[in-house]
């Protein structure tokens, strides 16, 4: 006589067979084998952003991440996310889906990547929680392409929740260190996607505008033999049997290109600052947008060209990236960025007068501190209703050695900074193009002439008057969007305390 245990097993096996037999949809779902480029199936994947009413009743394939899943009786609702776009998908028991398929879909780990075949259906009521609000996908097949681990280091819904909402409702938000420690997950949020797509737009508009103005894009060395601006804030690297340094800017090389008759040049590339500054706006590595240009008679020719380039960038962002701006504003509310045409220009002495009138004590040759920059930004906004402006004629004492002195006032210089929302985003000037004066200024700053010999020599064979400036990409992105920390606009930020990921 068979044992009770054996009897139970003999009963369970037919039930399993029966269940399997009843699962008429078993070929329509599951975990796919790893894609190793074995084949190229005749299948067209549709972008989630293209799932609109125009595709109603079409059968489509979509590859996306499982953002959320919610089982309800004999059906399961999924939100499928692809970059910053998402769509609701419905898996319901019927001709194409068995109860086992519904259960499988409901238990797919969040952030897993799936291939879904479904029919695009128009919905009677807009789906407010999705970007594709007028349609949903009725799933006929679903296969897991890449399975995410069940425990995520952070929840994406928490990562996009406005801080004010989290505080008021006692709901979770994600702090900065957690975001940066798990940057790959954080970059998947709609806010991060919008920030870095807009940042890409800044680079594109910068390049597009300058090429249209007749500029040539150049690439300059990042490993150099001496501190590029004569300062101590450089990273030292081993260079065979000698020391070399990471460039603080492409400054000296873009000037040498002007001496080589390129006339108008720009570059986009990394710059390095060994400054132990743990502030909201400093990084040890960031992307520099640099410009240098020969002029005819006055450095304002260059200053105005740079200002116009910035205005073209602002216009382009507002015209082409409204969706991204609105996405960021949803989590980080901010007033729209304002600018004037032509750009407001104030002399440094005028800025000092405004600050002194507001109660700030400053000497004529003092540099602006960060709090005073912010205060000046508020004063300028109140008086002129602009977030973007230029300060001209800085004190010579606070500028680099290659800055041209003002011929009318030896304590001033032919230099300027540009500001967004009360924070400096560009520092620029007319450069000294006379080798004798350049040598004198370098010695005044205590710079070893031997280490910048090639730079000074480039001016000995005839050099046109020229000027330029350097812009911090991450700062421009941060300030245009009204964000509060430059680490939000650096994809993988580097600061004195962070070297990974």
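Using N, Cα and C of the backbone, Cβ positions are placed for all residues, glycine too.
The structure displayed is predicted, hence computed values, not measured ones.
DSSP assigns residue 52 (phosphothreonine) to coil in the three-state reduction, placing it in neither a helix nor a strand. Feature annotation from Swiss-Prot assigns phosphothreonine to 52 (among others); the stated evidence is a large-scale study or a structure entry.
The annotation N6-acetyllysine is assigned in Swiss-Prot to 74 (among others). Just so you know, the Cβ of residue 74 (N6-acetyllysine) picks up 14 other Cβ atoms within 10 Å once every protein chain is counted.
According to its DSSP assignment, residue 249 (phosphoserine) is coil. The phosphoserine feature in Swiss-Prot is assigned to 249; the stated evidence is a large-scale study or a structure entry.
Beyond the region 'Aspartate' (251-254), the same-chain residues lying 6 or more positions past its ends with a Cβ under 8 Å from any Cβ of the stretch are 218, 220-221, 228-229, 265, 267, 290-292, 400, 402, 452, 455, 468, 470. The annotation region 'Aspartate' is assigned in Swiss-Prot to 251-254 on the grounds of similarity to another entry.
For 273, 274, 275, 281, 282, 283, 424, 472, 473, 474, 475, the entry in Swiss-Prot reads ATP binding site. A simple way to gauge crowding: the CB of residue 282 (ATP binding site) has 17 other CB atoms within 10 angstroms, across all the protein chains here.
Other Cβ atoms within 10 Å of the Cβ of residue 374 (N6-acetyllysine) number 15 in total over all chains. According to its DSSP assignment, residue 374 (N6-acetyllysine) is helical. According to Swiss-Prot, the N6-acetyllysine annotation covers 374 (among others).
According to Swiss-Prot, the feature region 'Binding site for the 3'-end of tRNA' maps to 411-415, an assignment based on sequence analysis. The average per-residue pLDDT of the prediction over the region 'Binding site for the 3'-end of tRNA' (411-415) is 97, rounded to a whole number.
Residues annotated as phosphothreonine in Swiss-Prot: 500 (among others). Take the CB of residue 500 (phosphothreonine) and look out to 10 A: across all protein chains shown you find 8 other CB atoms.
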Go ahead and report the DSSP secondary structure tallies for the region 'Binding site for the 3'-end of tRNA' (411-415): helix first, then strand, then coil.
0 helix, 3 strand, 2 coil
If you count Cβ atoms within 10 Å of the Cβ of residue 52 (phosphothreonine), leaving out that atom itself, what do you get?
14
Check the Cα-Cα distances from residue 424 (ATP binding site) to the modified residues 74, 249, 500 and tell me which is shortest.
249
